[in-house]
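Colleague: Below are the features I grabbed from TrEMBL:
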type   : residues : note
DOMAIN : 3-277    : domain 'Vps41 beta-propeller'
REPEAT : 486-630  : repeat 'CHCR'
DOMAIN : 707-742  : domain 'Vps41 C-terminal RING finger'
């Protein structure tokens with residue numbers, strides 16, 4: 001064009017363009033077709049707008065704006081027909097076409113035309129008429145097909161096009177406009193654009209110079225605001241540095257936007273600035289710049305599908321390096337688990353890095369042990385680090401790490417070398433035993449565990465079936481924990497025989513007794529060949545269990561037992577043995593003379609239930625008043641008390657005699673009552689049974705063809721049942737014909 005282009009308009013498809021210029025020319029043509037329209041006016045044309053759907057054949061329309069708003073429509077034979085939509089209110093300053101609605105601004109305000117009804121549906125007047133409309137032009141933009149945003153001067157209005165109810169129509173248009181938001185801004189508006197439910201406003205700013213105190217043009221501002229019913233909330237604000245901003249006016253700035261790409265174009269006479277929404281990559285850039293690595297990592301993980309510029313791994317590695325630089329080695333090592341994941345190369349690189357700064361211990365707890373597994377050299381390097389400075393930490397790692405992570409032989413040799421310097425170090429010895437276990441050298445591990453008296457020795461024996469290795473170590477096991485050792489030996493008799501255990505413990509009789517005692521408690525017959533030996537062992541080490549043993553054992557020699565008990569003066573055991581051997585009188589005598597316990601003597605006499613024993617007991621007690629009292633209190637149910645009372649010498653003082661006699665009488669009365677009660681029960685039962693027998697005998701007796709006469713042996717019933725016959729049936733079920741019944745004098 002030889003002159004200035006005033007405006008360019010594209011349809012929504014981007015295939016058709018309208019152009020107007022200062023020399024009055026208007027052109028509408030297809031970018032990809034030969035379709036074209038030319039018109040020249042006698043005045044400059046400032047505005048052109050093509051129909052949003054111009055690509056469709058029935059929407060071949062566009063409008064131009066100057067003194068008038070003209071609509072051009074293609075009609076019959078491809079001829080273009082113009083029609084005046086509006087005139088008489090000054091120059092048309094701005095036109096925006098969306099769907100079936102056209103909005104335009106002139107010197108008086110903003111109008112909206114409904115292209116379906118060809119009716120103007122609203123007029124929004126200009127607020128500040130003092131501003132020149134050519135210097136402070138109106139900004140229009142459609143947010144959607146029914147929402148128009150108007151910015152003029154420092155005023156913003158958001159208008160919504162709504163359908164009118166049928167009852168309200170009369171002669172009114174079927175649509176009307178409602179202003180839903182209205183507010184003023186601090187500066188003059190050069191452009192507007194929607195951003196979701198917010199607004200982007202390009203503002204022309206004037207300020208007072210501090211040096212000259214004269215009002216001058218400042219840098220334009222791009223603000224994002226949240227509209228409210230009567231005000232707005234500022235979300236963000238940016239001042240834009242464009243060339244020549246000091247000489248620019250409000251009309252020199254424009255704001256255009258691309259809906260599909262969320263791009264905003266700020267146009268000034270010398271510059272075009274492209275603005276776009278910040279994405280997660282921008283946010284992560286800012287976080288990294290502020291050294292907020294953890295937040296950056298979290299943001300990247302949340303938006304990993306949308307970020308394009310950053311990688312989670314790179315952010316994580318930068319975070320680890322940052323923590324190491326700050327000296328937070330443990331936190332850095334812990335983050336390695338999450339950030340490095342299963343990447344073995346990165347793991348090994350980080351381990352070497354920690355080694356260089358002398359912090360292998362920090363990362364040791366977090367090294368992967370399964371999926372992935374690093375090279376054995378890495379784990380060995382960490383173990384050597386601990387072995388040089390921290391035996392406890394070394395032992396902990398050996399317990400926690402599986403034995404296949406490292407070369408066991410190398411670590412064993414290293415531990416052996418350290419034990420040469422400190423041979424009694426329990427931590428190293430225990431760790432060496434665990435290493436031997438991993439290496440399946442159980443014999444060596446067992447020796448160390450026994451030396452250390454370690455609680456895991458029994459678990460090791462069971463787990464790896466090391467019974468053949470402990471045949472000569474039974475004493476050591478018993479010394480360490482006799483209870484567990486005995487239980488283990490008895491549970492595994494098939495692997496270590498009873499005879500072998502007893503033989504091994506020959507020089508330690510106290511341990512031999514513990515083993516044999518547990519064996520006897522489990523089975524009275526298994527160790528019968530050692531019962532004679534056990535008598536001496538019980539007598540020496542466990543007398544309380546000697547008497548129960550003598551009672552339960554059927555294999556111990558009584559004479560040997562009696563000899564041992566008499567030698568050691570074990571009265572209770574001797575009494576039991578004497579009674580068991582049939583010498584009850586000697587046993588009773590020992591109770592009376594040695595124990596002097598009348599209650600025990602009475603109890604013994606009751607158990608034996610022998611009249612001669614009671615006689616001996618009475619004779620022995622007759623000159624001992626306390627014994628007489630005991631007898632009087634307990635003898636009543638076993639021996640006639642009169643026998644004892646007659647033998648008491650006259651004048652002998654017997655303690656609690658009255659109470660004893662009263663007790664005898666009470667016991668006697670109790671016996672009488674019991675007998676009477678039993679008699680009543682017996683009589684009642686006898687009567688009941690007699691009645692039952694009588695009822696049973698009174699019942700009918702079945703007589704059929706199988707029964708015979710006990711005398712003539714012929715069937716008891718006649719063959720002809722119509723004839724009368726007589727039969728006698730006894731309770732014993734013997735049956736006779738009456739004529740066959742023996743007469744009374746028959747023998």
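Keep in mind that glycine also has a Cβ here, set from the backbone N, Cα and C atoms.
Give me the structural setting of these features: burial, nearby parts and distances.
Modeller: Here the repeat 'CHCR' (486-630) returns a mean pLDDT of 79 for the predicted model.
Outside the domain 'Vps41 C-terminal RING finger' (707-742) by six or more residues, the chain places 697, 701 with a CB less than 8 A from a CB of the stretch.
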Colleague: In the domain 'Vps41 C-terminal RING finger' (707-742), how many residues does DSSP put in helix, strand and coil?
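Modeller: Final tally across the stretch: 3 helix, 8 strand, 25 coil.
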